[in-house]
Amino acid sequence: MIIMKLIFLGTGAAVPSKNRNHIGIAFKFGGEVFLFDCGENIQRQMLFTEVSPMKINHIFITHLHGDHILGIPGLLQSMGFFGREKELKIFGPEGTKEIIENSLKLGTHYIEFPIKVYEIYTKEPITIYKEENYEIIAYPTEHGIPSYAYIFKEIKKPRLDIEKAKKLGVKIGPDLKKLKNGEAVKNIYGEIIKPEYVLLPPKKGFCLAYSGDTLPLEDFGKYLKELGCDVLIHEATFDDSAKDAAKENMHSTIGDAVNIAKLANVKALILTHISARYDKEEYFNLYKMNVKQYNESFKIIISEDLKSYDIKKDLLG
């Protein structure tokens with residue numbers, strides 16, 4: 001069983017507070033660790049969690065405001081200091097390459113490992129990275145500058161109907177693996193058995209979405225529903241009484257995030273990117289006031305710095 005965890009390294013907005021660092025979210029999927037946004041001080045936050053900078057091979061930047069990128073220079077320098085050799089892939093909107101190039105000019109450093117930067121220019125949802133068992137989709141959002149939400153989608157292989165394969169005379173052993181991988185084999189009678197004869201549709205894979213900073217976008221919610229999104233991490237910078245401030249600054253409120261989650265039909269919504277104007281208790285009380293009117297069936301969680309979630313146990317269970 002693949003281990004999937006979310007670790008919130010920072011959950012604050014433009015200005016950090018005593019309780020909330022600048023934004024940064026780590027997602028563990030098996031042996032992979034993905035970092036979504038990298039605000040100031042993120043590498044120190046990692047020291048209090050199970051996240052190792054050396055295990056991060058992919059960084060996804062939603063947009064180029066400082067609270068989402070100012071942790072990159074220090075993180076890269078620490079990776080170099082500890083002798084990293086493996087390539088690091090960084091994805092982000094137009095201008096990301098220049099940010100990374102400038103980061104490498106700051107001070108004396110030991111960065112000798114390869115860094116590959118992928119800039120995103122799309123105005124439509126598009127797969128920006130794909131492996132055998134997952135893909136990452138970028139979805140354009142609205143925040144005044146080029147910005148993207150990111151969607152992690154697990155890819156499941158078709159299942160093998162072993163009993164049917166036996167009845168068709170397939171040898172138990174390597175031939176079953178070949179069929180599962182899409183290769184035809186010969187049965188004990190010398191007949192060709194094609195994969196489609198014995199393969200069942202794959203089970204639905206896990207799907208996670210992170211909004212980044214954005215105005216509420218109904219089309220985003222509808223798109224996530226089409227994908228079968230399970231968990232949505234959505235910014236909720238302001239409470240519902242500050243709708244004008246949210247709109248003016250191109251952010252979302254608690255209610256906005258809940259509405260998008262409802263459209264997406266998710267199992268869990270995690271609110272993050274919370275303004276420093278609220279202390280921890282105040283935001284929680286406003287949240288309770290705001291969500292009373294919604295009475296939704298999905299879980300709603302307020303993110304906290306250094307809090308981790310086992311996705312299957314804590315969010316989908």
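Every residue, even glycine, has its Cβ placed from backbone N, Cα and C.
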Of Asp161, Asp175, Asp213, residue recorded by Swiss-Prot at the Zn(2+) 2 site of Asp67, His68, His273: Asp213
Residue among His109, His143 sharing the Zn(2+) 1 site, where Swiss-Prot lists His63, His65, Asp213 as binders: His143
Inter-residue Cα distance where the pair is Asp213 (Zn(2+) 1 binding site) and His273 (Zn(2+) 2 binding site), in Å: 8
Candidates Asp67, Asp213: member of the binding-site residues with the richest Cβ shell (10 Å): Asp213
Residue among the binding-site residues His63, His65, His68, His143 whose Cβ has the most other Cβ atoms within 10 Å: His68
